[in-house]
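Here's the structure we're looking at; comments come further down.
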């Protein structure tokens, strides 16, 4: 390994990670190609030409230069709504077919750079190997399109700040940067990925704020009270709203008045037009609080929303992770299920399992499902979903995967087949989780789902595939990347999920 390390200096790794971060993702599988949309043939064996970043810059982000004087910001090229769309949904000006071409090319470039680095780790001289333009570490399938293109988000988070007219009680999405001091909050009415129902709730929250005597909390350490709004919906149209509020030094009696006021607004006031299924209120003294740190308080309505997915009824708590495109999630989870190849002798290990949908959807085909998730409410949702759907061979554990996984895997070295599925947050997996997976001989198949394969996620892939390294406690046999399947859950944006199959 010493010789290999000399051939791959640290600046090469930093360069690799930085370059991977320039690109996004894309790809399709044989089982999906049985009934593809007519235009999907465009992507079977073809990719778009040209540089991904260039395409975005020239076609999708015209006139997006930052301004440093917040009081004099005005529309540059197009309306405020167009400028917002160019930032939040940079591909909105392209047809969906063109968007998929861009994403597929981006995924291909990511895999090419992974291949270059994996070859170097294995002592291959990349200057004499297959040219980068042709070299891929695995079979890359065409991209699986989203069944829903517009208004697909089931969760939206709206900020509160000064609008284009200077009113500090404007609810929407940010343009500008905090660094440049040119933040402007623009309403989301015309964003293609936001459902009309979400924008409606945001508009009424703005109406409420503008009649409230309390100021909004624009900069966290500078006072103010009213903060973010989160809206969650399901396919049946049920709507959950969550208001984040900085209590500052208000007494409990004063807090009670504010809760009753906002509750009354959405039950019997103008906000009743939103027909909320539930309204939550969170007193947050930090920029971001979990339910454990500051409990969500149900002001009225049902405590959960429910979704139907893959023949399961799923319970979703206010802060539980659930893929933001429900129809696309079905495609994603079917893809994961196909790649795992589980059978009745398999233990399925679902790491970062969220509400447990992947594991529970495959439970009938496995001997046991073991899930690990940090968010306690999500684990409670997974257990409820298992019980409601009559699934008895599942077990869910609350906590950090790096602490739970090593102990859980110690008992799985008896020859029984273990298939692992990981769907981490954008930050990737903790290195101790990678160590535990590498060092567990029972894990022969791993399916890795990433929505942003750069930084820590890219390092995760490298550490899964690199030669054994005692210094890093990576003692097990390396994995080999076999297949990659891009699944588009985020139309109009550069992002998509990339599903990777590893075996050893």
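Heads up, the Cβ atoms here are built off N, Cα and C, so glycines get one too.
TrEMBL entries are annotated by machine, without manual review.
The active site, nucleophile annotation in TrEMBL covers 451. Per TrEMBL, S-adenosyl-L-methionine binding site is recorded for 323, 373, 423. What TrEMBL lists as domain 'Methyltransferase' is 344-408.
Mapped onto this structure are the features recorded in TrEMBL.
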residue : record                               : Cβ contacts under 8 Å, 6 or more apart
323     : S-adenosyl-L-methionine binding site : 329, 332, 489
373     : S-adenosyl-L-methionine binding site : 352, 353, 354, 356, 379, 382, 396, 397, 398
423     : S-adenosyl-L-methionine binding site : 351, 352, 353, 354, 358, 449
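The Cβ neighbour count for residue 451 (active site, nucleophile), using a 10 Å radius over every protein chain in view, is 19.
Taking the centroid of the Cβ atoms of 323, 373, 423 as the S-adenosyl-L-methionine site, the other same-chain residues with Cβ within 8 Å of it are 321, 322, 352, 353, 354, 355, 357, 358. Here the binding residues for S-adenosyl-L-methionine are 323, 373, 423. Their largest Cα to Cα distance works out to 15 Å.
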